[in-house]
Amino acid sequence: MAFSADHWAFIFGVLGNIVSFIVFLSPLPTFYTIYKKKTAEGYQSIPYVVALFSSMLWIYYAFLKTNTTLLITINTFGVFIETIYVVFYLIYAPKKSRVQTIKMLSLFVVGGFGAIILVTQFLFKGVIRGQVVGWICLIFSLCVFVAPLGIVRKVIKTKSVEYMPLLLSVFLTLSAVMWFFYGLLLKDINIAAPNILGFIFGILQMILYVIYSKKEKAILKEQKLPEIQKGEVIVKDENMNADKKFPELTQEQIIDIVRLGLMVCKDKVHVATCPHGTTCEPKVDENEPKLQTVEV
């Protein structure tokens with residue numbers, strides 16, 4: 001039985017829900033760390049505020065369109081989970097970060113979203129209203145997908161992929177693919193178009209990860225100190241029946257021993273004290289063994 005465009009749209013919508021669900025849960029390790037440290041210092045709240053605002057926009061757009069139930073389901077979960085993240089952040093954030101987060105919430109969620117609803121409800125009607133909201137969602141989604149360029153720049157600059165997890169990049173790319181085909185099959189450019197950019201940036205991040213992770217491993221391998229292999233020499237003692245192993249001396253150790261021997265021999269020199277407190281020429285004990293020159 002051949003599948004129609006609506007059936008394929010439903011399949012890609014379900015897959016998009018599954019992948020986006022995983023993406024929404026990806027910050028959980030971060031918030032677990034915040035919970036253990038009992039502080040959100042060093043972390044930023046703007047990704048979660050922006051994600052909350054984006055989910056609210058897409059829900060509003062989906063209610064103005066038809067056959068977009070799967071868009072409503074995933075973004076409803078997005079609003080729910082992002083709200084929990086923001087509240088959790090506010091609980092553990094320092095005072096300055098807490099104030100900044102409240103300002104962003106007022107700007108995006110209250111002011112921005114409220115203004116969009118008022119303007120579109122009173123100035124536009126019918127299909128035009130859906131188109132205007134769709135273009136707003138499109139522009140905002142493009143801005144969200146451009147945001148990872150800062151991470152890409154940091155990876156290139158530091159030559160380290162520490163701040164760009166591969167797994168998250170993979171899921172974001174898969175999410176962009178699913179939602180692109182979902183929008184394409186529904187013939188909705190506002191859903192499909194932003195995900196083209198999301199797919200391109202996702203592929204770019206994975207390529208950079210492969211390149212710089214190999215370079216990072218190579219640098220670490222070069223910087224790794226070589227293991228010191230200790231040689232062994234067997235010295236046979238006439239008074240012992242078994243062979244006894246001693247560690248082999250290095251060149252530096254031999255030089256140190258020679259220098260120590262010179263110092264000991266110099267201490268053997270006797271200094272004669274002359275009358276009236278004057279020091280006479282030193283007299284060397286002829287019975288002392290002469291030090292032989294050792295070439296290393």
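Yeah, the Cβs are placed from backbone N, Cα and C, and that goes for glycine too.
Because TrEMBL annotations are produced automatically, they should be read as predictions rather than curated entries.
Among the features that TrEMBL reports, transmembrane segment is placed at 12-34, 46-64, 70-92, 104-124, 130-151, 163-185, 191-212.
Beyond the transmembrane segment (104-124), the same-chain residues lying 6 or more positions past its ends with a Cβ under 8 Å from any Cβ of the stretch are 45-46, 49-50, 52-53, 56-57, 60, 86, 132-133, 136. Counting residues 6+ beyond its ends, the transmembrane segment (46-64) has Cβ neighbours under 8 Å at 24, 27, 71-72, 75-76, 78-79, 82-83, 85-86, 89, 101, 104-105, 108-109, 112-113, 116-117, 129-130, 133-134, 136-137, 140-141, 144, 147, 190 in the same chain. If one looks beyond the transmembrane segment (163-185) by at least 6 residues along the same chain, the residues whose Cβ comes under 8 Å of a Cβ in the stretch are 5-6, 8-9, 12-13, 15-16, 19-20, 22-23, 26, 70, 145, 151-152, 154-155, 191-193, 195-196, 198-199, 202-203, 205-206, 208-209, 213. Of the candidate ranges 70-92, 130-151, 191-212, 70-92 contributes the most Cβ pairs within a distance under 8 Å of the transmembrane segment (12-34).
A contact between the transmembrane segment (130-151) and the transmembrane segment (70-92) is absent, since fewer than 3 of their C-beta pairs, 6 or more residues apart, lie under 8 Å. Tertiary neighbourhood of the transmembrane segment (70-92): same-chain residues 10, 13-14, 16-17, 20-21, 24-25, 27, 31, 34-35, 37-40, 43, 45, 48-49, 51-52, 54-56, 58-59, 61-63, 98, 101-102, 105, 182, 191, selected by CB-CB distance under 8 Å and a gap of 6+ residues from either end.
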